[in-house]
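Over in TrEMBL, the protein carries these features:
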- 1-12: compositional bias 'Low complexity' (COMPBIAS)
- 58-70: compositional bias 'Polar residues' (COMPBIAS)
- 119-135: compositional bias 'Polar residues' (COMPBIAS)
- 142-195: domain 'Amino acid permease N-terminal' (DOMAIN)
- 230-733: domain 'Amino acid permease/ SLC12A' (DOMAIN)
- 742-1132: domain 'SLC12A transporter C-terminal' (DOMAIN)
- 1-138: region 'Disordered' (REGION)
- 888-919: region 'Disordered' (REGION)
- 258-287: transmembrane segment (TRANSMEM)
- 307-328: transmembrane segment (TRANSMEM)
- 349-368: transmembrane segment (TRANSMEM)
- 374-395: transmembrane segment (TRANSMEM)
- 426-444: transmembrane segment (TRANSMEM)
- 456-475: transmembrane segment (TRANSMEM)
- 593-612: transmembrane segment (TRANSMEM)
- 618-639: transmembrane segment (TRANSMEM)
- 651-669: transmembrane segment (TRANSMEM)
Amino acid sequence: MSAPSSSPSAPAEGAATECDFLSPDAGQRPPGPTPSQSRFQVDLVAEAAGATEDKSPSSDASTTVPSSDKATPAGPPEGDPGAGGEEAKGRFRVVNFADPSGAGSPDSAEAPPPEGLQNGDTVMSETSLHSSTGGQHHYHYDTHTNTYYLRTFGHNTIDAVPNIDFYRQTAAPLGEKLIRPTLSELHDELDKEPFEDGFANGDELTPAEEAAAKEAAESKGVVKFGWIKGVLVRCMLNIWGVMLFIRMSWIVGQAGIALSCLIVCMATVVTTITGLSTSAIATNGFVRGGGAYYLISRSLGPEFGGSIGLIFAFANAVAVAMYVVGFAETVVELLAGADAIMTDQINDIRIIGTITVILLLGISVAGMEWEAKAQIFLLIVLITAIVNFFIGTFIPVKDKESKGFFGYDGSIMWENMGPDFRGETFFSVFSIFFPAATGILAGANISGDLADPQLAIPRGTLLAIVITGIVYLGVAVSTGSCIVRDASGSNDTISSGFTNCTGGASCNFNYDFSTCKASKDGCEYGLHNDFQVMSLVSGFGPIITAGIFSATLSSALASLVSAPKVFQALCKDNIYPGLGMFAKGYGKNNEPLRGYILTFGIALAFILIAELNTIAPIISNFFLASYALINFSVFHASLANSPGWRPSFKYYNMWVSLAGAVLCCVVMFVINWWAALLTNVIVLGLYIYVSYKKPDVNWGSSTQALTYHQALTHTLHLSGVEDHIKNFRPQCLVMTGYPNSRPALLDLVHSFTKNVGLMICGHVRTGYRRPNFKDIATEQARYQRWLLKNETKAFYTSVFAEDMRQGTQYLLQAAGLGRLKPNTLVLGFKNDWRDGDMMNVETYISMIHDAFDFQYGAVILRLKEGLDVSHIQGQGMKDVIVSIDTSKDSDADSSKPSSKATSLQNSPAIQKDKKSPTLPLNVSDQRLLEASQQFQQKQGKGTVDVWWLFDDGGLTLLIPYLLTNKKRWKDCKIRVFIGGKINRIDHDRRAMATLLSKFRIDFSDITVLGDVNTKPKKENMAAFEELIEPYRLKEDDMEQEAAERLKNSEPWRITDNELELYRAKTNRQIRLNELLKEHSSTANLIVMSLPLARKGAVSSALYMAWLEALSKDLPPILLVRGNHQSVLTFYS
């Protein structure tokens, strides 16, 4: 299938060229795009292309390139490599295909392109597509700076086929990020230049992307580890600690073989569940450096990740000191045995510890490769020591029997099977052992240095847990089967017979150790008393000492590497702004040298303390807190049911992970309750700090997914429940236009909807140009961010419509979701209604009528200074606000941005505008600015006057009640004004007081107005007549036909008949204005019943004049009319 010959077809595809087939046998590569050209452009074929046409069904050789003026055959002259670049701004790019048949004459378009056209940067891969055309070959172009996927489905297209490089992040270390054609480039009409921006989406990198690209370029040749060297070795070394050699035998003595195995199994269950959870998270997408911090932060978000990252890095730094002091203690014991103590025991530990940590720092700073080699050597030593022990258990030596070692024996095993706690409990022994099982994250912590973290972390971590668990169980069983609990070490305990022997299993070997057990000092040897039993049993004692050295140094080295790597990842994310300096890496492997120095400093400080019995349980608890959160992450992500949670490691279960998280928390309190409390307080404190700071990151965490899931579930659940009066909330659609253009309207409505009801900032975009829907979507996100930044709990929604009324109708019908739909329309008063086109007034009044038609309540806010501040260009304003509206002050926000530049200016700038010169404001603008900010300040002791003249269901009363509940308005008292008859004023007051008390609404005063129907003053009536004069139809002064014609063309005009009919209502509005000035001229806010006008009977000009006459020259006034459904009730 090929496109029709020489016709600029397929406009939706954005490519109207025909297929040119090149012979692959000619030894030429189809030319790729040069970096200077647009990312969809390839070099053009030789000009001879148009000479002949091949009419075969598989190829079409006429190459036409429609340019901006007309379709012309185009191609660079032979040997001119630059000519193709001149076509960079052309709308269509010529595409070259390969003809598998190899047919083609040198004169036709099948001729190979000239040598000069080839681009050295082009990478070409060949794939075969078996289609109806006979499985022809297609060439795929890819350069570092271009994205052009050349495929054919019978016609030329820039539409790209699926490719992994489209899905990479910008800073992907595994390959180049490519950018697929945008929907606009494929879909937009061709009168617009689809490629006008060139590399708009990918060429001009942001500084962050440039840094990432630079880092990716520098990372060539870095050292990456496989699963054995990177994870298995590290985890085994970290898990096999000093405990294996100097505490395991003591644990068996205390708890017995059975309970010791139970302790090992319990610890292994906790670590295995955590290992499974780690594997699930690590295989749910590409893992970067940062280990536990990276896994938790990308799963649960920066709050949990940031708090755990900091204490995890600190715990690793202190763990270095703990392991180094363990090593130093062993060395000092050897020195004491050889009588070679330098000063005293404590200072010797400090000296040896300091020297050791300096040497370890040297190995770490030398690079990961050296550190990995050191780890391999230490592992060999450690395994040799373990094998040496097991061999020793099979070689009974006569002179070791007095120290309790008799070789494997059933009676010894049976005697040691049960517990024999001496000053300990099961849980205290468990708490001593559990730190020996930690260290399972040693491999994950260097995730950034692993060649394939997704494969290495699960395989290495789980295998390490299995191997180390088996070895711990083996040591527990073997020590319990061949060594007795107590032995004296002297040979004079051989019993002459078996009659009086009370020494247990040792009696079978003619030893009775009961005398030393009974003595005050106790026995020196045996499982209970000698921590060096494994040295005694082993085939060659010094190897066990080497094993102890190896275990301590390897754990110290692993922690010394882990801490800076985790800390560096934390600092790179800029969660704690002050720590940014530690994010810098050096060399090919991006080594965190500053982090190494910091870790070294922390470790050295704790080595100099040399008393780690207090700090050890805190470290264990820090590690356990990390494990608990990793387990919780898996549960949380599974619960959120996000489509992005797709781990390739399938052997996990959300409930098992939750059990693991609970187990970790339980173990924390078992090990040390005060350390567990301290850990939780620190994590909570850091969590609150990070939550308060709100770092500007978005990692698609499961917290976001669960929030969405819960919101969706609750919204659906809410939709199935009928509304109830007690649960009524004012849910406002506020016609703000751009949210920052009418701050007073936004602030006042937010005051009574915040944490109570829904608030949607509606914006109708009108204009004669075609709508740019992409701009609308961009502005939607931009203004929503602005609302959040200003701590306004509201949504921003904009629609494009032919006029304000149509747009408002769209919003009234479609805004909201389920029960979260607006029920009240809030408008700003149209202050400039007399200045502009009266059809705008017709539209404005129609919006109010539409609101009532849709069963909405209506609220209108009027400030005498006006509401719209968009024409003030940021002088004196907190945020830069650029002019977006030509009208002075109108709720009908018919902003017509005239160009792309204008629409960009419209965005509210979050940053302060420090550089722009501040022009002095004129007096009216200064007043407008002050008025627009009055609701942002705390209202002092004042009043909110409620003129509840007509019963609209109670909205007129509910809004002031909600308002005075807020912090800014709580000092204001509610005064209620009602209409009544002069002879029943007391009765009406009592009736209203009763009603308000039943509604449980506090009020300071009730005023009954008996003189509402008194005739207004003459001057005010005259002023009203003057106000409406320009808008009267005066049908009595013209012919009926002419009057009807004028009324049809200008429906807002006031007829004489209408004026007479509603004379009493007109007078009431004028009179109410007089009463308002008399009673409420000092109020902070007036809330008043909005007068209604019957649709079709009262012209918009007259209704507007009523609103004008009623509300002019007053403090801020809120005209409210509910939808006449009850919103208040006194029933429980």
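Using N, Cα and C of the backbone, Cβ positions are placed for all residues, glycine too.
Mean model confidence of the domain 'Amino acid permease/ SLC12A' (230-733) amounts to 84 (pLDDT, 0 to 100 scale). Proximity of distant same-chain residues to the transmembrane segment (374-395), defined by a Cβ-Cβ separation under 8 Å and at least 6 residues beyond the stretch ends, is recorded for 229, 233-234, 236-237, 240, 244-245, 363, 407-408, 471, 474-475, 478-479, 481-482, 534, 537-540, 543-544, 546-551, 553-554, 557-558. If you look at the transmembrane segment (456-475), the same-chain residues 6 or more away from its ends with a CB under 8 A from one of its CBs are 225-228, 230-232, 234-236, 239-240, 244, 248-249, 261, 264-265, 268, 271-272, 275-276, 278-279, 282-283, 287, 386, 389-390, 436-437, 440-441, 443-444, 447, 450, 534, 649. Long-range Cβ contacts of the transmembrane segment (651-669) within its own chain (Cβ-Cβ under 8 Å, at least 6 residues beyond either end) map to 269-270, 273-274, 276-277, 279-280, 430, 434, 620-621, 624-625, 627-629, 631-632, 634-635, 638-639, 675-676, 679. Scored on C-beta pairs under 8 angstroms, the neighbour of the transmembrane segment (307-328) with the top count among 258-287, 349-368, 593-612, 618-639 is 593-612.
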